[in-house]
Amino acid sequence: MKKNPWVVTTFVILTGVTFAMGQFKVPPTMTAVMEDMGVGLTMGGLLMSVVAITAIVCALFGGILTVKFRPKKLGMFALGCTFLGNLVGFFAKGIELLLVGRLLEGVGFGLITVLAPTIIAEWFPGEKRGRPMALWTMWAPCGILIIFNVSNIIMEYFTWRGVWAFTTILFAVMLVLFKIFVDDPEDAGMGKASVSLSKEWRAISLEIKSPEIWMLTLVFTIFGLGCAAYSTFAPTFCVEHLGMDLAAANIKTSLMTFGMVAGVFFMTAILSYIKNLNRLLVIVTVITGIFFSLSFCLNAEWQVIPFVLVNGIVLQMIPPVVFAVAPDAARSPQTLGVALGIATAGDHLGAFVGTVVLGAIVERYGGNWLAAVPAMILFALIGIIGAVNFWYLMKRRRKNIRTTAALAQPFAH
């Protein structure tokens, strides 16, 4: 029986929310984990970074694997890996085994960030893809909001292991629901590749060589870089530059999540009406670039809440547009997963590099946060250049297709 695309999308989004809860259960439990395991901040930080590093690799390979395997099967594998990772973490007696569990979680997390938008893209034609892609981007902010609040309740009674037990059960339930309600459309192009490895690799190499995909990846990498840099250092900036106390800084900067949720619905409305998505990518990249440039320019505490709320909306602009244009930028339906894999790996890479680069710059200038401003402006300009180039390349591709069709028309009779 054919499934309803919106039912499939709903359960794909719920799967994403579950993965976000699993990924971000570490920050609210980190203090308890470090105390229980007897480790410091460096080892505690590895619980997050090991997932980020694994996700970069798995996003790339996940995209390539969609040439040979159906996204649903890969999605179930991702859920299985993450379920196992949470189970291992629950029983871990030392930090080493806990890191092994997080490594398994990273495999699933990296795969699902590619597979979820790939499945959604399969179910909707290009002109109707914007709305579901915008709704998909709510997975991270919703997951973070839920796990941060639920963790506090669970830890009152069951310590940090209770949170791991909760997410283990959640992934087991989600695996069953994913199996029942999520499927690939009957006419899906992915997962039906020839048994000839040479043909598969030709298709993959064609996608890897695509300048359109690399320009899109550049935009997404810069987005991940700037977003992670601000999200990570915003509380520290408020304490060191604005003189706020840490508790107030954490509370006020966390309000950005509410802006991000609002941004999902804002972009859903925008993508329902805007037809030229390539031009829209340029517009949202410019807007995002402006906010990147202003991120560390605040000079008074009263500015923090208005800025983080609006910035939360802005940070939800680029992802849905990238996911919506990527299928059209792909060279063929069979290699859509490869295209999304490359772009998503760029986002993960940017998130990993952004915190390191910005932290090093500020440290190099003796903790002067104004030193971060030129760096953020440079990041913004690079992203805008990538978006403009992508728009130009897609425009040229459409022109070439029309020219080829016009030349071929006389021979069709």
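Using N, Cα and C of the backbone, Cβ positions are placed for all residues, glycine too.
Just so you know, TrEMBL annotations never went through curation; they're auto-generated.
Keep in mind that this is a model prediction, so the values were computed, not measured.
Listed features, source TrEMBL:
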- 8-398: domain 'Major facilitator superfamily (MFS) profile' (DOMAIN)
- 46-67: transmembrane segment (TRANSMEM)
- 74-95: transmembrane segment (TRANSMEM)
- 107-124: transmembrane segment (TRANSMEM)
- 136-155: transmembrane segment (TRANSMEM)
- 161-182: transmembrane segment (TRANSMEM)
- 213-233: transmembrane segment (TRANSMEM)
- 253-273: transmembrane segment (TRANSMEM)
- 280-298: transmembrane segment (TRANSMEM)
- 304-326: transmembrane segment (TRANSMEM)
- 338-362: transmembrane segment (TRANSMEM)
- 368-392: transmembrane segment (TRANSMEM)
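Scored on C-beta pairs under 8 angstroms, the neighbour of the transmembrane segment (213-233) with the top count among 46-67, 107-124, 161-182, 280-298, 304-326 is 304-326. The domain 'Major facilitator superfamily (MFS) profile' (8-398) scores a mean pLDDT of 86 in the predicted structure. Fewer than three CB pairs closer than 8 A are found between the transmembrane segment (368-392) and the transmembrane segment (107-124), and contact between the two stretches is not assigned (pairs 6 or more residues apart).
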